[in-house]
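Asks: Submitted below is the structure of interest, expressed as structure tokens.
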Amino acid sequence: MIFPVTLLAFQWHRRPGGRALSRAAMEVAFRGVRKVLCVAEKNDAAKGIADLLSNGRMRRKEGLSKFNKIYEFDYHLYGQNVTMIMTSVSGHLLAHDFQMQFRKWQSCNPLVLFEAEIEKYCPENFIDIKKTLERETHHCQALVIWTDCDREGENIGFEIIHVCKAVKPNLRVLRARFSEITPHAVRTACENLTEPDQRVSDAVDVRQELDLRIGAAFTRFQTLRLQRIFPEVLAEQLISYGSCQFPTLGFVVERFKAIQAFVPEVFHKIKVTHDHKDGTVEFNWKRYRLFNHTACLVLYQLCMEDPMATVVEVRSKPKSKWRPQALDTVELEKLASRKLRINAKETMRIAEKLYTQGYISYPRTETNIFPKDLNLVALVEQQTVDPHWGAFAQTILERGGPTPRNGSKSDQAHPPIHPTKYTSGLQGDDRRLYEFIVRHFLACCSQDAQGQETTVEIDIAQERFVAHGLIILARNYLDVYPYDHWSDKLLPVYEQGSHFQPSTVEMVDGETSPPQLLTEADLIALMEKHGIGTDATHAEHIETIKARMYVGLTSDKRFLPGHLGMGLVEGYDSMGYEMSKPDLRAELEADLKLICEGKKDKFQVLRQQVQKYKQVFIEAVAKAKKLDEALSQYLGERTEMAQQEEIYPAMPEPVRKCPQCNKDMVLKTKKSGGFYLSCMGFPECRSAVWFPDSVLEASRDNSVCSVCQPPPVYRLKLKFKRGSLPPAMPLEFVGCIGGCDETLKEIFGLRFPRALPRASQPSGHLQASQALNRMDSSQHNLSQPLVNRHTRPSKTVAQALLPPTTAGESNSVTCNCGREAVLLTVRKQGPNQGRHFYKCSNGDCNFFLWADSSHSTGGGTPTSASGPPGSSVGCPSSVGSHMDGFGSLGSDSDGGTPCLCGQPAVTRTVQKDGPNKGRQFHTCAKPREQQCGFFQWVDENVAPGSFAAPAWPGGRGKAQRPEAASKRPRAGSSDAGSTVKKPRKCSLCHQPGHTRTFCPQNR
């Protein structure tokens, strides 16, 4: 279930940078604040921070989420005694996804996903957390964000802000910045609150949206196609794509292919050894090796002719082995993989756990420089109690204190990873990783190992050979850092100019070897070098390509590409797009940094990147057979696919914006046949335009209406059934249903809240109303003038002309005011007692419609009038007297009389006693409960349009009485000025000879 977050709640107007505020400004801002809501990224962090700020005197309460508790405590903040309400989220509170209509894989062509609307919503499993925040916000005057101080943490902070400010827009919002959960760090953060940094959050929004669009489009493309091409192998396989996944896979494939393409070469070299009482010294040839056997053999033979060695040089110099640099995230992942055999994902999971427990500083950092204001002495002192490395820590303090070896990188957010608290209670990999971080920190703060290196160079037949020896003078950091090795290599004493007989002089052969497969540490190093992902996401991308079976691991934990991974990379490479190369993603990562620095606009980056990947996608789909061919080399015979349309559904093209929700409305086909215009916001928005059954074909034209708003409103190519339109109207034409074409408004039953502006139409496009009016004026030459086609159409007729509805295809009943009509029941005794009807909810427009005829199953139109039950049925005001072809009120071409349904009327005879007994009349042929209310005497010559004439402009839709339309005597009267009393007329049909009680319409 999805709970969309109101877009207005996302409007955040603080300054983009996370600047610090002066204490005076903060004291002013906190005046009157009694309760402060504090939100951390995880429950453990919230508990730890609350415990430190309250000195252990916090009060725990249950939140609506059982995993996220609430901790209350009193605190003195900026001159105010306040109650702090500390709670947490569980990572990201909100998620990005496409709108509902795009989420099903078969709902659209994947290309649409590059432009489809995306919404940010709260997943169902986080709703309780969201409700907790909303509930607590009501009672608080300020909000302090305590999420992790990195990009993701900043973005999570803004998600919290959006939720809370939707409840209380004037809520004061501040940001706590810290790198470790220690008493000093959290109190310092409280005393130096800053503003949240919108720019950093924007960078995450851009990355999330691009990952969603690019990943979803390519994943659907690959999966849907390849599952059909290789059904036996990939029928159940998700073949995902990610702009970081593929370059990561590309590194593995590239190394594997380099090994495959490697051609070994034989080389030759001369080796000299000299035995002495302490061992054997090996002298290496200064030429190293030769690939020419003959040349090496000649030199070897020269050496063998006079094998006496002469010592030509003895050098001795100090040698240092550098201690490790301060630890950043990438180095932690690499070293843990190499030294501890813990993979990167598990390393970061454990490191996050140690951080929230307060044992180490924040583990996601690009910094390898300790800040000068960090108290390293206190951190070293904490470790002096340990039985394994405590003595070494004490030695550091006794020798002048810590002197860390710094690197050259800083993210200006967090210090290098270091221990913040001593513990001896950890077990398993938790203990091993904590010990590594402590030992690395102590080694970094110690001294380099010192030694003395001796180099001896000898000459044999003018060929030079060299040997190296080492004596370690001071181990220093090596005493605490067992992960590095440096051993003595003793040499006997050689005097310059002395001679000795080598023990062996031999020519040996060898062969060049290919590079090794990548280890996880190698892969992370390549990702960092080429800007693929961040220190926080390297492990995630590696795990993804393993889970998708794109790569596997050998027995010695090296990456080997699988058949699927190889085929995908080779397939895309054969298209000419090096999607497995890091360039595209590296550009994006660079742009994200520029967004964080305020040097690039988020929307500009989004547009550029979407367009770039969209173009690649279009061409990749066009060349998809190359992907099939590449994979067939690894997966076997493929199934031929004839048409692209067989795999992907056609893209719905937007026709206009929905008047209700402003989303696109697209042309769709009903299951039962026929067409309708549907809102892309379905099911949240159910706006639709149902086309009548007379429409045989409908498609979007590329021309845009210059009148209708909001633009663009595309015209439609329409084809109607023969006989459904007036004879002079073409059955095929291009028309607009945006509201400017009055006749199409009537045909399609369009209802608009207000009249649209009218303007001249571009030439070349025929409007239905124009064709109809030309037909009326040229062929019928009626004495009654046509109603102005610019007149706003009657809501009643718009409703009456709606097509028959089936299950799931309904339009709400709207009165002439544009409001939803109210459903009532006839209470008065009579033939219609108990019958339901619709009426204007405000009583403003005298709208009336029988409920049982609003959804006629017989294909007719519903009974609709502008009067109370039993009154005359009104004609549409915008159609007037030219209704031929749509159910004319006059005689049709073959002499029959159609009713309001457009069907031939039947002739009946009055059976009741009275003056009209035996008189014939025309009425609707349908059963009584479905009749449209049409009535006409057979012996009466009724001019077209005189029956229930159209409403006068401004007359609130009331039907005009025939006698009001003309005061002239009826045709056939011999004396126009006669004063003979007129007979009483029926109040229903306005005909003489009977009353309402005996009217055939009131049966």
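Backbone N, Cα and C atoms are what each Cβ position is placed from, and that goes for glycine too.
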Asks: To which of the residue ranges 335-374, 535-574, 575-614, 815-854 does Swiss-Prot assign the term zinc finger?
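Replies: It is 815-854 that Swiss-Prot annotates as zinc finger.
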Asks: Which stretch, out of 383-425, 770-812, 899-941, 942-984, is listed as zinc finger by Swiss-Prot?
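Replies: It is 899-941 that Swiss-Prot annotates as zinc finger.
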Asks: Among 126-153, 630-657, 658-685, 686-713, find the range that Swiss-Prot records as zinc finger.
Replies: 658-685
Asks: Can you give me the Cα-Cα distance between Cys924 (Zn(2+) 2 binding site) and Cys840 (Zn(2+) 1 binding site) in Å, rounded to a whole number?
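Replies: If we compare the Cα positions of Cys924 (Zn(2+) 2 binding site) and Cys840 (Zn(2+) 1 binding site), the gap is 26 Å.
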Asks: How many other Cβ atoms sit within 10 Å of the Cβ of Tyr362 (active site, O-(5'-phospho-DNA)-tyrosine intermediate)?
Replies: 24
Asks: By a Cβ-Cβ criterion of under 8 Å, what residues six or more beyond either terminus of the region 'Disordered' (400-426) are in contact with it?
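Replies: Answer is 149-150, 177, 179-182, 185, 322-329, 332, 351, 358-371, 374, 376-377, 379-380, 382-383, 385-386, 434, 437-438, 441, 444-448.
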Asks: Need this for a regression test: recorded positions Tyr362, Cys899, Cys901, filtered to those with Cα within 10 Å of Cys840 (Zn(2+) 1 binding site). What's left?
Replies: none
Asks: Cα-Cα, whole number of Å: Tyr362 (active site, O-(5'-phospho-DNA)-tyrosine intermediate) versus Cys901 (Zn(2+) 2 binding site)?
Replies: 76
Asks: With H, G and I counted as helix, E and B as strand and the rest as coil, say where DSSP puts Cys901 (Zn(2+) 2 binding site).
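Replies: It is coil.
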Asks: For the domain 'Toprim' (35-179), what are the DSSP-based totals of helix, strand and coil residues?
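Replies: Here the numbers are 50 helix, 45 strand, 50 coil.
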Asks: Averaged over the zinc finger (815-854), what pLDDT does the prediction give?
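Replies: A mean pLDDT of 72 is what the model gives the zinc finger (815-854).
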Asks: Could you give me three numbers for the region 'Disordered' (400-426), the DSSP helix, strand and coil residue counts?
Replies: 0 helix, 2 strand, 25 coil
Asks: Suppose we draw a 10 Å sphere around the Cβ of Cys899 (Zn(2+) 2 binding site). How many other Cβ atoms does it contain, all chains included?
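Replies: I get 25 for this one.
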